[in-house]
Amino acid sequence: MANVVVIGAQWGDEGKGKITDLLSRSADVVVRYQGGVNAGHTIVVDGRVLKLHLIPSGILYPDTTCLIGSGTVVDPKVMLGELDMLISNGIDISGLQLASTAHITMPYHRLLDLAMEKQRGERKIGTTGRGIGPTYADKSQRSGIRVLDLLDEARLRDRLEGPLSEKNQLLETIYGEKPLDPEEIIREYLAYGKRLAPHVVDCTRAIHEAASDRKNILFEGAQGTLLDLDHGTYPYVTSSNPVSGGACIGAGVGPTLIDRVIGVAKAYTTRVGEGPFPTELSGSLNDQLCDRGGEFGTTTGRRRRCGWFDGVIGRYAVQVNGLDCLAITKLDVLDEMDKIQVSVAYELDGERIDYFPSCSEDFARCKPIFETLPGWQCSTAECRRLEDLPAPAMDYLRFLADLMDVPIAIVSLGASRDQTIVVEDPIHGPKRALLSA
């Protein structure tokens, strides 16, 4: 038995969906522990492209239980849309479970999210506009609506009365928006609750029962380390904790239940929205990475900012998450490059540093110090074993493993499941990896 956390080691969009999908074959339970529909992952199965935002990738395996944990925030309309999409594709959803204590994104959360971002003007933070921040804010202020509230009309009315009155006042007087009708909301969300009811469970009890039965549990994070509310590039962050420690809080387990932590990182770096990005490229190189990598957000459709691999934030992700091994994705995107650069340190105000500054203003002044490696200029998309890779590609992977001081367990070379080199099974294999410096 092994219980594994999968996290993003960059700014999200690292390809966690594919890696989680691969690992779900060996998992009995997959738990999404934080975030909401602001995240998105794309999975290609038998030529079908499936885009999910909230439901764990493990739903594609009929014998796998998929649990949306207490640390998530749930937009029931979007979730039910995903369920309908899966059903229309012939996918069994009977294994899906939803924590009764997960918080609900309400209509006023989305309206406030968009209104506040608009009001920030040039100081915008790049929100997806899905209401995630306001939902988590209400959770912290103890005025949120939870899944269990949608199952009881009297309780929903009681919980909604105060928050909705307050939000309507904000919408009208501050943002010039029309107030929301409480009866419409109650009817709509009770209907959502009725459809979701068969999937609602006690999250902590369900996970601990699985652990007692010695089942393999996979904890799936959304977004990435540098978007973590406490450890990321604040204020250009999400409103939850994608780091591995967030799995314990969002799923309701102690740290001793976690056996291994896997970090997922692209062979280069991307970022969506605002915020500092030291290795960001411009011009034709940026366009080449964006076009070859299909770098457009699953959730927003926004074009991602692209840059070279940043070993400084990579080492930081290793430390913050306690990574045991790495999955490197999209190596094939670099196939046509004649040379590849990797940031090994920064220059900050004339001084060389090898750490991630906690102040975003300092981080914005950091200039990358690069090492240049030769490209391989041939296709890796059909490689299925390490020995199939061209020598410069192997050298590049070893360089990353040495730079981050963590071994590589998985290499992804395309969107399809079979476009993968599994150096080591992170769930059933020994606690080691074969690809290191």
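Numbering starts at 1 and runs along the chain as displayed.
Each residue, glycine too, has its Cβ placed from N, Cα and C.
According to Swiss-Prot, the feature GTP binding site maps to 12-18, 40-42, R304, 330-332, 412-414, an assignment based on sequence analysis. G40 (Mg(2+) binding site) carries neither a helix nor a strand DSSP state and counts as coil.
The Mg(2+) binding site feature in Swiss-Prot is assigned to D13, G40. The 10 Å shell around the Cβ of D13 (Mg(2+) binding site) contains 30 further Cβ atoms across the protein chains shown.
Positions annotated as IMP binding site by Swiss-Prot, on the basis of sequence analysis: D13, E14, G15, K16, N38, A39, G40, H41, T128, R142, Q223, T238, R302. Counting every protein chain shown, 29 other Cβ atoms lie within 10 Å of the Cβ of N38 (IMP binding site).
Reduced to three states, the DSSP call for D13 (Mg(2+) binding site) is coil. Marked as active site, proton acceptor by Swiss-Prot on the basis of sequence analysis: D13.
As annotated by Swiss-Prot, active site, proton donor applies to H41, with the evidence given as sequence analysis.
Positions annotated as substrate binding site by Swiss-Prot, on the basis of sequence analysis: T298, T299, T300, G301, R302, R303, R304. G301 (substrate binding site) has a Cβ environment of 8 other Cβ atoms inside 10 Å. A coil conformation is recorded for G301 (substrate binding site) in the three-state DSSP classification, outside any helix or strand.
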Would you mind checking how many other C-beta atoms are within 10 angstroms of the C-beta on K18 (GTP binding site)?
-> 26
Nearest recorded site to G15 (GTP binding site) by CA-CA distance, among recorded positions G40, H41, T128 | H41
Would you work out the biggest C-alpha to C-alpha distance among D13, E14, G15, K16, N38, A39, G40, H41, T128, R142, Q223, T238, R302, the residues that bind IMP according to the record, and give it in angstrom as a whole number?
-> 34
Quick one: of the recorded positions N38, H41, Q223, R302, R304, which has its CA closest to the CA of G12 (GTP binding site)?
-> Q223
